[in-house]
């Protein structure tokens, strides 16, 4: 059923565009535009652990935060026909960026609202992040000064982090928050990677007045497939956790404003907000010290939200 639904979603722009105008479709291979921009990426990504044997309550959460990572972003769009456009876009970080990670556990089932263990890692790096997007648009309105259309596409994004050093407050079996200390500076504590794969649908449009232009895009997916990999490097607790979550929700809103410095060239600024909401999924672990493994259904949660700001140049050939 989901495969049939997805097929309908992906063909929607083509079907609508074929009925949106009574004019004959014409092939316009020369109508291509490309843009390039520089900007920053900020946000937070979260991983959660749940215990099914305790009613699925949350027992652990790691928050990975990053701010103002430099990125380069680009896109190319081809108006294949007046009613149909295809495009490709993507961005990548230009280098690693400092961040912060907080790891909290709630191990006391009799007091589930109070954390028992916490570690803080201000020496955290966003190693890299990137994204690519392939899409097709069907234009319901396509006039020289305004456009409005439906879109569908496929998008993937990746994030990688490493936390080093830091401090901790743990609870022993006999006490509560009674074990306080720090990790060696520069020593790897945890490495974490997230990946999101999603087909999506959306709405996009723009409006031009003289040399000024405003545009916006909304995207939604209910078919996100998220996966992650968590490496605990502590020699006494060398464990790899892997999780997979299906059918998460994704929302994205993008707004841009630009000015045409020539008939074909536009400078612009843009802001984009993205969010993948939390949902439970399956997780597995492998203990490297004693060579044992375990699997838990609905034992993990994955979440991500970020904000991108860019400034760039768009040129129509």
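Keep in mind that glycine also has a Cβ here, set from the backbone N, Cα and C atoms.
Worth saying up front: this structure is predicted, and the values here are computed from it rather than measured.
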Compare the membrane side that Swiss-Prot records for residue 143 with the one it records for residue 275, and say whether they match. no
Which is it, of 251-261, 284-294, 295-305, that Swiss-Prot names as transmembrane segment? 251-261
Which range is it, out of 52-60, 61-69, 70-78, that shows up in Swiss-Prot as transmembrane segment? 70-78
Which bits of the chain, at least 6 residues beyond where the transmembrane segment (70-78) starts or stops, bring a Cβ under 8 A of a Cβ in it? 29, 31-41, 85-95, 97, 129, 308, 310, 312
Under a Cβ pair cut-off of under 8 Å, which of the recorded stretches 32-41, 131-140, 198-209, 212-221, 265-274 contacts the transmembrane segment (146-156) most often? 198-209
If one takes Cβ-Cβ under 8 Å and requires six or more residues beyond its ends, the residues near the transmembrane segment (32-41) are 66, 68-79, 91, 93, 129, 268, 270, 306-317
